[in-house]
Amino acid sequence: MALTLRSPTSFISKALKPSHKPTTSDEPTSLISFVSLQKPSFTASSSCRLKAVQVRASSNDLSPVPAERLHPESKAVRTAHSGSTRVPVYVMLPLDTIFKGNDGKGAVNRARALNASMMALRSAGVEGIMADVWWGLVERDGPMKYDWEGYAVLVRMAERNGLKMQMVMSFHQCGGNVGDSCSIPLPPWVLEEMSRDPDIVYTDRSGRRNPEYISLGCDELPVLRGRTPIQVYSDYMRSFRDRFSNYLGNVIVEIQVGMGPCGELRYPSYPESNGTWKFPGIGEFQCYDKYMKASLQASAIAAGHSEWGKGGPHDAGQYNQFPEDTGFFKREGTWNTEYGQFFLSWYSEKLLQHGDRILTAADSIFSSTGAKLSAKVAGIHWHYRTRSHAAELTAGYYNTRNQDGYIPIAKMLAKRGVVMNFTCMEMKDEQQPGHAGCAPELLVEQVKKAASSAGVELAGENALERYDEAAYAKVLETSRSETGMGLSAFTYLRMNKRLFEEANWRQFVSFVKAMGEGGRKSSLPRCDSSQSDLYVGFVNKVERKPEPEAAAAL
């Protein structure tokens, strides 16, 4: 999740040095490449056909070209709430798709291999791709000094391949979370401000500072060189809108607004870095920076109990404990007392206010562009079967046996027509360890009902990398809209080499096809004897010697 260090300065020097600096000659870890990008020539098995199109050899050639499509153009998508059964599928790009090039500017990592991978995705009927727009890369050179060049190349590449884009305003660091393959810290000038005032980052009861995301306690305070965090995020999004105005609403169809660690609306209550937290620990409350403590004190005084404002619960345990190990979260614990209800209401309301502030700004910036707004909510499914739902509470979701914590979130998003993006859509209760009290299916069902009640669109993601038929089948089941609570879109995590392996690719293509048919299960034959336009993910023999860069991607 996030780097957690006690010293307010020790993480700064480390964060300024990314752990991985990719180059175009790196051995690709997450992409497939066709062997020749200028004049593709393939020989597939006698009964299995591969279609390709000619693309530009240089990824830097940005002159307008009509997209040559490998799959029929998708029809206009209606959401599950408007009666359509079709669920478009997007695919997340690698985290390091954009990096700082040798010239100091943003660039596309392994551009030729990425272009070939986009061709393959489009041939399978994928609607589009999702990309993180990292704050730490774009505004790295100083306040309001934005470098959009790498993303400009990426957007044009997607356009040429006939793919739509979901772009994530990623105001968090990359590194320390499940699946993070590289390190992209917050902008250096922001880290400098953290060293001057360590309280602008989230802090736990023992004083651990978490530099993954700016604490929501200072949302409206000018702690970033005269600007508030909300102003900084707003200026960033406004610059993005101005730079990509010609693509918003047609190529860039969705803006996902990051609002916390991993881009999710939550507190960093379960950080994995340095072994701080391990599944299925309950996590810890993140309300001990001076700004959060001041807010808590003021709320306690207003409630007539100044003694409640001296800090978070003293009996909430530690990161890796279980609910019954603590006085606060146990079956008849403090969570269900007057004090517990006060604290949990304050803690969760602060998170809702944070989300509303950012989305208010985003709505004013993107409202006339034609692009949808979305927000991501974490699928915290462990200890769901307990009364207190401890892991959800520490993350900021006031969801217990007695109270629905997702309806307030859904209503907040519905106010501005923001799509609710939820994870763990691929998980089954029976696949989880029994001692952890997991119930991802029950959780998803609760969230679907909350979204339906609030009248907000619901989209989904898989929480972990999965390539098996069982995971796809579960997503298909969840996506169906017969009950009026289907998915408006699904984003698959994530593009990498394993996805393009023969068996995995066949499963994925079948899944995309089934999602396009409203969740009806279907499978591709072993060989494409029907002369369809679907890309079959294996090639037996290549007629010409691979070019060096493309060969490295195979």
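Placement of Cβ uses the backbone N, Cα and C atoms for every residue, glycine included.
Where the annotation comes from TrEMBL, it is an automatic prediction and has not been curated.
Since the structure is predicted, the reported quantities are computational estimates derived from the model, not experimental observations.
Per TrEMBL, active site, proton donor is recorded for Glu264. Summarising the annotation, TrEMBL assigns active site, proton acceptor to Glu461. For Asp132, His172, Asp180, Lys376, His381, Thr423, Asn462, Ala463, Arg494, the entry in TrEMBL reads substrate binding site.
Shown on the structure are the features that TrEMBL records.
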residue	record	Cβ neighbours (10 Å)
Asp132	substrate binding site	24
Glu264	active site, proton donor	23
His381	substrate binding site	26
Glu461	active site, proton acceptor	23
Asn462	substrate binding site	22
Arg494	substrate binding site	19
Length of the line joining the Cα atoms of Asp132 (substrate binding site) and Glu264 (active site, proton donor), in Å: 13
C-alpha spacing of Glu264 (active site, proton donor) relative to His381 (substrate binding site), in angstrom: 15
Glu264 (active site, proton donor) versus Asn462 (substrate binding site) - Cα distance in angstrom: 14
